[in-house]
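**Student:** Starting off with a structure, shown below.
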């Protein structure tokens, strides 16, 4: 499933309890794509066992009807339909949220990459559909061509997580953007080719409700209630229009904007929390909670809220309801000689690779090289192979296109694609791993300059730099001497510099004065030490002794370092370092940095943990990119 990155570890002021450690381990587990893929596969296995041990009970459970409504307006669907058309709307909602976040803050900010991803998404659907049509030509089963088109986002990202650091992080953005195009087109295919007669009045209501959500978002109107009510209106209207309503989730998700937490909103949240701390009343509690919510983009809040339910509830439940197939020797033999099964397997496992690589190569050729993937062709091939995993949407289309024996054959083919996609992507990754280092880096990363997030480049005449000037990799940290997270990160950075000889480190000041009252003075103290050529010694000492940063403490540290204490005292009194600190703060604003620590590695913002393993992986990726330059 689609999982947000894990934030930096929390500083430990005391030994955590067993329950606290268990909670942390659980949260870490649920925030990985691998764990959600494990749940998905477990649900598939459970469905297969249930369908073969108790086939009658399996069918009875999912065909039971559930009705909602009042008076003459009632909606009666089977449990199977509620899951496929109702709960799965939330799955596509989360897909839409992450796609929008990547559009606003990630790789898709480069609109050329967005266009190329759309081309790759279309190519990776057209070729598999054509293969299915060729295999089923002249048969009634040819109308099920849509079954071979779609990629299962949950499984694809889970497979990508299994390969881990062997593949570039930007491949995830590529897979996600292709998957969104895939899902959009697949849902349009469902609406046009596999839905009942479309009723235009109800469809118009759905479009108007979507426009209302978009306009309210543009107007900056906050609040989950109106969005939830209008989303339900969209879903019901699409159902009444004869269109599979799962498209509602994706459409609403891409309308929810993502953005970094603005500094002003964070400072307001801190002020409201301090007021609550002084007077813990229900009214101030409500204000503090609202202030915290306002500081985080609705995109991130909604994904955080829905992601665990989707990853570990809805998607496995969908698999349990749809993957139950009665397996027997004759049934399997019939399936593997069936044009339906063969069309799906060949279309997904082979056609996805051909369609993805071929469409991107054609786009590069026809554009004269202006449209180039921001990953290497090896990564593109792996992405195409991983995209061959068909499950969620393919099962939806199969349930609409087939029945009886053909439906069972389609389900078997869809399950086979999961194994085929994994084995194919593993084989391609293994071959790439055998290449010499420089060729492997180019195959994985390509030759396109990555997007730069750091607005103000490193200047050796201005910045505080530790490490060789000729270093291949530059790590920039925006930090606060009173921030406990920065204190936790400092030994990690020192370990990184100790084990990586071609890395240099840059410290830039970002004192969070609203929560750390001594941070500004500490930053100025480090600059006063820099005027006596002892910046890094003072830097290390301040982060080591974060709980003692008052003016007398700073003067004592100056004495310990052998500085001219009177000169140091006068520099602090005159605030000679304030201008330099303000320049760093201004550069942080330009780079949309609002919290500490924030790391940039060769100009790219580092998202995720800042333990030694995570930073080492990020540095290695930056080094490989430098090798391809």
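The backbone N, Cα and C atoms fix where each Cβ goes, and this holds for glycine too.
Keep in mind that this is a model prediction, so the values were computed, not measured.
According to Swiss-Prot, the feature region 'Na(+)/H(+) antiporter NhaA' maps to 1-442. Taken from Swiss-Prot, the feature transmembrane segment covers 35-55, 77-97, 115-135, 144-164, 173-193, 201-221, 241-261, 306-326, 342-362, 382-402, 412-432. Look at Swiss-Prot and you will find 443-624 tagged as domain 'Thioredoxin'.
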**Student:** For the transmembrane segment (35-55) and the transmembrane segment (306-326), does the number of C-beta pairs under 8 Å, pairs 6 or more apart in sequence, reach 3 or more?
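**Tutor:** Yes, the transmembrane segment (35-55) contacts the transmembrane segment (306-326).
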**Student:** Looking only at residues six or more beyond either end of the transmembrane segment (412-432), which have a C-beta under 8 A from one in the stretch?
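**Tutor:** Result: 41, 44, 147, 152, 155-156, 159, 163, 166-167, 323, 325, 331-332, 335-336, 338, 340-345, 348-349, 352-353, 378, 381-382, 385-391, 394-395, 398, 440, 443-444.
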**Student:** Could you tell me whether the transmembrane segment (144-164) and the transmembrane segment (241-261) have 3+ CB pairs under 8 A, leaving out pairs under 6 positions apart?
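**Tutor:** No, the transmembrane segment (241-261) and the transmembrane segment (144-164) are not in contact.
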**Student:** Would you kindly list the residues that approach the transmembrane segment (382-402) from elsewhere in its chain, counting only those six or more residues past its ends and only Cβ-Cβ distances under 8 Å?
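**Tutor:** Non-local partners: 40, 84, 88, 91, 124, 141, 143-144, 146-156, 159-160, 163, 167, 171, 174-175, 178-179, 182-183, 186-187, 189-190, 194-195, 244, 246, 315, 318-319, 322-323, 340, 344, 348-357, 375, 409-411, 414-415, 417-418, 420-422, 424-425, 428-429, 432.
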**Student:** Relative to the transmembrane segment (77-97), which of 173-193, 201-221, 306-326, 342-362 accounts for the most Cβ pairs at distances under 8 Å?
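**Tutor:** So the stretch in question is 306-326.
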**Student:** Express the predicted model's confidence over the domain 'Thioredoxin' (443-624) as a mean pLDDT, rounded to an integer.
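**Tutor:** It averages 90.
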